[in-house]
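Right, one structure below, let's go through it.
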Amino acid sequence: MLKIIIPTIMLMPLTWLSKKNMIWINTTTYSLLISLISLSLLNQPSNNSLNFSLMFFSDPLSAPLLVLTTWLLPLMLMASQHHLSKEPLIRKKLYITMLTMLQTLLIMTFTATELISFYILFEATLVPTLIIITRWGNQTERLNAGLYFLFYTLMGSLPLLVALISIQNLTGSLNFLLIQYWNQALPDSWSNIFLWLACMMAFMVKMPLYGLHLWLPKAHVEAPIAGSMVLAAILLKLGGYGMLRITTMLNPQTSFMAYPFLMLSLWGMIMTSSICLRQTDLKSLIAYSSVSHMALVIVAVLIQTPWSYMGATALMIAHGLTSSMLFCLANSNYERTHSRTMILARGLQTLLPLMAAWWLLASLTNLALPPSINLIGELFVVMSSFSWSNITIILMGTNITITALYSLYMLITTQRGKYTHHINSIKPSFTRENALMALHMTPLLLLSLNPKIILGFTY
Amino acid sequence: MNPLIFTTILMTVLLGTMIVMMSSHWLMIWIGFEMNLLAIIPILMKKYNPRTMEASTKYFLTQATASMLLMMAIIINLMHSGQWTITKVFNPTASIIMTSALAMKLGLTPFHFWVPEVTQGISLTSGLILLTWQKLAPMSILYQISPSINLNILLTMAVLSILVGGWGGLNQTQLRKIMAYSSIAHMGWMTAVLVYSPTLTMLNMLIYIMMTLTMFMLFIHSSSTTTLSLSHTWNKTPLTTTLILITLLSMGGLPPLSGFMPKWMIIQELTKNSSIILPTLMAIMALLNLYFYMRLTYSTSLTMFPSTNNMKMKWQFETKRITLLPPLIVMSSLLLPLTPMLSILD
């Protein structure tokens, strides 16, 4: 695993020592090379995990997330070039350093064996993200957004620290490799109920669960493009990954403790999808759509069946790529009109036809069109929740319909119709932007040919 | 002040604390405390104005009361045990009185009222000595009598201190008062784990001293005593803004900086001793502290605070050279990977 971590750390000296006209080229190239290295982890030969050392490992759940993380860094760098072009050189280097630091911490989080090490790195990812949102965001609301983001996550995760330490006292070790053999039923008592809550609340806030999701629209909207991309694509999946790891230790209480959260998620996904239909702010629409998709992942993880785990993993990867692509598209609008209001930039298909093709593909994958991996994820989750309880099919069906509605609403409002008269002087699409969209879309489309690599460890 | 006299007085302060830390006779400890108190008054009053006079008077009164209470506890201990050696305190009454006296010296709730007012009235360097060096002597006595301290009283004082330190700092814009409330909260963390594992108290003290030293030196470097004046550092020394950000986040206890280490170790020790609600409450209340540190970072490093154009072009005097600052900054932010080594030191 050091073959990925050390090159990522070394990206920081690379930025500081590069010449002025080479910083973007150097960092993008080398981060693409690092993502190529991480692809080798997808080859998981046995049913168990690939153990590289006592501290790092990778198994069929963390390998796709790791590949997504390393794939996203070059994309983030490409997307940030325009809005940083007018900043002084040192600030550009600082921004790239923050992104690289975040990347290193994320890689270490996804491959950590010891759960306390996972916790420390999970918390550590908050600091660079906070700095990116607060320092480089564009509106005054970014201050509030940063505070909400930091404090919601910290309030949820401090009980997790206490819970992990008390589990360590009980079992003697929190090394994930050992815990999978421990498999003892958690006895039923009030304190174990609180233990369950303490373990799960951190990830519920991160996912986010419907009642605790207030930080997400603020943070996603106010962050600059790289911040939005990494928040939507990776940081939310940290919550899902953590839940998938911790629930192995928390049986059999999950069967009854999960009910309130299942209800909140099932209802919340419909609520947030419906809110999307009434949004005027494009980034806010994509942010609420993220909440809705992640609610599906929460439902899948809490049901705890093999199919639902497959669906959760596939949905996490698919949503990561789709949501990041949608944010890039919204950003390309924002860079031209300097406004996030959807109706200000209508009818773009006439002016930027190639970008309209990317908008179409992104919207279609967002509404889970066959045969994309979004559909595979959603379908597995819908089927497994149907087997858990027949009635959920109504809610799931409603959600899929409303998702289709708002995705098409977003597409039609921005692309179709008559263009507004003030946007016929916008710049045409840069090759960098088209390359960005292509690099998002190609893995999505190719994965639909071989989805078994993202189906997780219950395949 | 005459450098020779200043040196003598400073050495007396040092000598006083050393006598406290190294004695085995209760009377010598009391003498050490008095020496420390009397010698630090001129240092607190380096600038001779009514504000410092008021602050020094408050400090003298509270510390003298605490010393008298300490003397009473020593005499009661003498009555009941018949000897002057420092071991555990043999009488519960004496133990309670001694704990209260030392809490007054440290600035724990409910005896915390003097800390913000005294710290605000004195200069930055004196405040530095007050909040770091002066805590060493009482803490060393608490360490030595830790087997006989009444757990209920100590834990109540600790939790209330964390609460007061968090809430009290929320409405402050003066940097010295912010540091005072931060000191109250950190003292609360330190005394909470005293009965379970005094080693961790010492570890927390060490890391707290490093972080407070760093913060004060950064303030001295930019000669700023209010949030407003701190927000101008982006204009004069932009690097200082990053350093202030890192140190403040470390004081707030965010991983992966070294300020997280004492909190993590203390939570671990408390959980091992089957108290689970207490560390959860303590950790959540430390978030209040983090809130006003974040507010400071917002005005300093992460935004350009609104200010008039005149303020941006203040007189640039010769840059103060603070030799100890870089190693302190490194130590106050990067020590977390060394946790296994540092937490078993005795």
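Just so it is clear, glycine is given a Cβ too, placed from its N, Cα and C backbone atoms.
According to TrEMBL, the domain 'NADH:ubiquinone oxidoreductase chain 4 N-terminal' annotation covers A:1-109.
Feature annotation from TrEMBL assigns domain 'NADH:quinone oxidoreductase/Mrp antiporter transmembrane' to A:112-400.
What TrEMBL lists as transmembrane segment is A:21-41 (among others). Counting same-chain residues at least six beyond the ends of the transmembrane segment (A:21-41), those with a Cβ under 8 angstroms from any Cβ of the stretch are 3-4, 7-8, 11, 14-15, 50, 58, 63, 66-67, 70-71, 73-74, 77-78, 81, 89, 92-93, 96, 100, 103.
Annotated transmembrane segment per TrEMBL: A:61-80 (among others), in sequence order. Under 8 Å from some Cβ of the transmembrane segment (A:61-80) lie the Cβ atoms of residues 4, 8, 24, 27-29, 31-32, 34-35, 37-39, 41-42, 44, 50, 95-96, 99-100, 103, 106-107, 110-111, 224-226, 229-230, 233-234, 237, 241, 244-245, 313, 316-317, 320-321, 324, 328, 331, 432, 435-436, 439-440, 443, 453-454, 456-457, all in the same chain and six or more residues away from its ends.
Here the transmembrane segment (A:92-110) has long-range neighbours at 1, 4-5, 8-9, 11-12, 15-16, 23, 27, 31, 56, 58, 62, 65-66, 69-70, 73, 76-77, 80, 84, 117-118, 121-122, 124-125, 128-129, 131-132, 136, 226, 230, 234-235, 238, 241, meaning same-chain residues at least 6 beyond its ends whose C-beta is under 8 angstroms from one of its own. The transmembrane segment annotation in TrEMBL covers A:92-110 (among others).
Summarising the annotation, TrEMBL assigns transmembrane segment to A:116-133 (among others). Cβ atoms under 8 Å from those of the transmembrane segment (A:116-133) belong to residues 55, 95, 98-99, 101-102, 105-106, 108-109, 142, 145-146, 149-150, 153-154, 157, 160-161, 164-165, 168, 174, 202, 219, 222-224, 226-227, 230-231, 235, 238, 242, 245 of the same chain, restricted to positions at least 6 beyond its ends.
Long-range contacts of the transmembrane segment (A:145-167) within the same chain: residues 115-116, 119, 122-123, 126, 129-130, 133-134, 137, 174, 195, 197-199, 201-206, 212, 214-215, 218-219, 221-223, 249, each at least 6 residues beyond the stretch ends and with a Cβ under 8 Å from a Cβ of the stretch. TrEMBL lists A:145-167 (among others) with the feature transmembrane segment.
Sequence-remote contacts of a segment are chain residues at least 6 beyond its ends whose Cβ falls under 8 Å from one of its Cβ atoms, and for the transmembrane segment (A:193-216) they are 122, 145, 148-149, 152-153, 155-157, 159-160, 162-164, 166-167, 186, 235-236, 238-240, 242-243, 246-247, 249-250, 253-254, 257, 261, 264-265, 267-269, 271-272, 287, 290-291, 294-295, 297-298. The feature transmembrane segment is assigned by TrEMBL to A:193-216 (among others).
Feature annotation from TrEMBL assigns transmembrane segment to A:223-244 (among others).
Per TrEMBL, the feature transmembrane segment maps to A:256-277 (among others).
The transmembrane segment annotation in TrEMBL covers A:284-303 (among others).
Outside the transmembrane segment (A:309-330) by six or more residues, the chain places 61, 64-65, 68, 72, 75, 79, 220, 225, 228-229, 232-234, 237, 240-241, 244, 282-283, 286, 289-290, 293-294, 296-297, 300-301, 340, 355, 358-359, 362, 365-366, 372-374, 376-381, 383-384, 433, 436-437, 440-441, 443-444, 447, 451, 454-459 with a CB less than 8 A from a CB of the stretch. The transmembrane segment annotation in TrEMBL covers A:309-330 (among others).
As annotated by TrEMBL, transmembrane segment applies to A:351-369 (among others).
Outside the transmembrane segment (A:389-412) by six or more residues, the chain places 266-267, 269-270, 273-274, 276-277, 282, 285, 289, 292, 296, 299, 342, 359-360, 363-364, 366-368, 378, 381-382 with a CB less than 8 A from a CB of the stretch. Under the heading transmembrane segment, TrEMBL lists A:389-412 (among others).
Taken through DSSP, the domain 'NADH:ubiquinone oxidoreductase chain 4 N-terminal' (A:1-109) splits into 76 helix, 5 strand, 28 coil.
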